[in-house]
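Noted in Swiss-Prot for the protein shown:
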DISULFID  C3-C30  disulfide bond
DISULFID  C60-C121  disulfide bond
DISULFID  C60-C116  disulfide bond
DISULFID  C74-C105  disulfide bond
DISULFID  C92-C116  disulfide bond
DISULFID  C92-C121  disulfide bond
DISULFID  C186-C290  disulfide bond
DISULFID  C307-C338  disulfide bond
CARBOHYD  N154  N-linked glycosylation site
REGION    98-111  region 'Fusion peptide'
TOPO_DOM  1-447  topological domain 'Extracellular'
TOPO_DOM  469-479  topological domain 'Cytoplasmic'
TRANSMEM  448-468  transmembrane segment
TRANSMEM  480-496  transmembrane segment
Amino acid sequence: SRCTHLENRDFVTGTQGTTRVTLVLELGGCVTITAEGKPSMDVWLDAIYQESPAKTREYCLHAKLSETKVAARCPTMGPAVLTEERQIGTVCKRDQSDRGWGNHCGLFGKGSIVACVKAACEAKKKATGYVYDANKIVYTVKVEPHTGDYVAANETHKGRKTATFTVSSEKTILTLGEYGDVSLLCRVASGVDLAQTIILELDKTAEHLPTAWQVHRDWFNDLALPWKHDGNPHWNNAERLVEFGAPHAVKMDVYNLGDQTGVLLKALAGVPVAHIEGNKYHLKSGHVTCEVGLEKLKMKGLTYTMCDKSKFAWKRTPTDSGHDTVVMEVTFSGSKPCRIPVRAVAHGSPDVNVAMLITPNPTIENDGGGFIEMQLPPGDNIIYVGELSHQWFQTGSSIGRVFQTTRKGIERLTVIGEHAWDFGSAGGFFSSIGKAVHTVLGGAFNSIFGGVGFLPKLLMGVALAWLGLNTRNPTMSMSFLLAGGLVLAMTLGVGA
């Protein structure tokens, strides 16, 4: 699956009868959804971008100077005049020069002198700013069912589907083929202040340099370089790249300050690099909060017969996925399609299946299958696939796993923020409380009771509540009632 190849992976486990779960998706992360009686899915935020954002300013990094002209007057003859002074696109400077008999003036003294030069910009030497429009930013969410096929990190799963969202998007329904339909309703949020963010892009050259950066608007507007708006042929403040020498009689030299690309690149050291793909300008941070509807999903292969246990062979022996799960792949030489008999037992309990399958109902298909992912309790275990067996030691501890999943649940609830609560009605408020409990404690509950059936969990919750009602000690009574209520809520709830 896609999530097994990413470092930032989260698990959301639906309870019995779950029809809807709430996910927090961020760039670079991936969430695996598991629910009893439903196929597992990987969901991730693939990209945040805007196509062809509006230009704000263009800066010139290297001036192109031409048509230099100088005019001078003798002392007492008035100011020197050039018609170019009144022309747009020229840079001029007035000064005083020493005049006398040696340079054709009858009087000694200071005479007026003016120099003008036409200023343009060298080709491929512009830095352009682009601004984002929050209403036009597209958030791409991808969904991939766990089909039992191994897919390498650089390959694309044939069942992968894509949904796009903006601030005004409605619910999207994706068809996952034989696995049914899944609905997505996502609220989007960028991770940057779009009003104060500019994408600074250099003209593309053959140099192997970053071409775009994500900068602050005030910093961008304060750049001491010639600038113009898109479509305007003339540069404002072109004198910033022009230097005039000291005047000598009727002569004033004009100097080009040269290419400022290196100076700009030095100033951009440490600034986040922006990713541009064609006309898509990507944001580096942001998240979406999605309500995922599972009610129309269906399990594939429930009508298959069980595979012949003696005809399996390891293709990839069990391996740690890096996400507190175990992944493996088998081949099968018998009649296809069929269901893979897979289980795991802990040391000292040979009759209790302790495997929590991330790949539900693993199957061998005519054209693939055989990839299995499972979660095992910490300690010594034996994995069985048909007649194959493999000794496995799962690192960690049950308490540590509970704390880790609870911490992630609190992080999810924090990111969802105000959207997690509905104060419009009493029913909505209590529903919000249920969702919050599932978001924070769902992973921990699954870690503790993952191998316990629905009926035992229900009876346990009822028993704890009954003890709470019949205990005379107030502290013990409240403790039993709270524990029983949580077990019942997590067992019977349909929101996660």
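Even glycines carry a Cβ here, placed using N, Cα and C.
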Report task. For C338 (disulfide bond), just count the other CB atoms lying within 10 A of its CB, please. Result -> 19
Report summary line: Comparing the Cα of C338 (disulfide bond) with the Cα atoms of the disulfide-bonded residues C30, C60, C74, C105, C290, the shortest distance belongs to C30
Report summary line: Cα of C74 (disulfide bond) to Cα of C116 (disulfide bond), in Å and rounded, measures 19
Requested in this report: Would you please pick out, from the disulfide-bonded residues C60, C92, C116, the one with the fewest other Cβ atoms within 10 Å of its Cβ?
Outcome: C92
**Report entry** Protein Cβ atoms within 10 Å of C121 (disulfide bond), excluding its own
**Finding:** 20
Requested in this report: Indicate whether C92 (disulfide bond) is helix, strand or coil by DSSP.
Outcome: strand
Requested in this report: Taking helix as H, G and I and strand as E and B in DSSP, count the residues of the region 'Fusion peptide' (98-111) in helix, strand and coil.
Outcome: 3 helix, 5 strand, 6 coil
Report task. Measuring CA to CA, name the entry from the recorded positions C3, C60, C105, C116, N154 that ends up nearest C307 (disulfide bond). Result -> C3
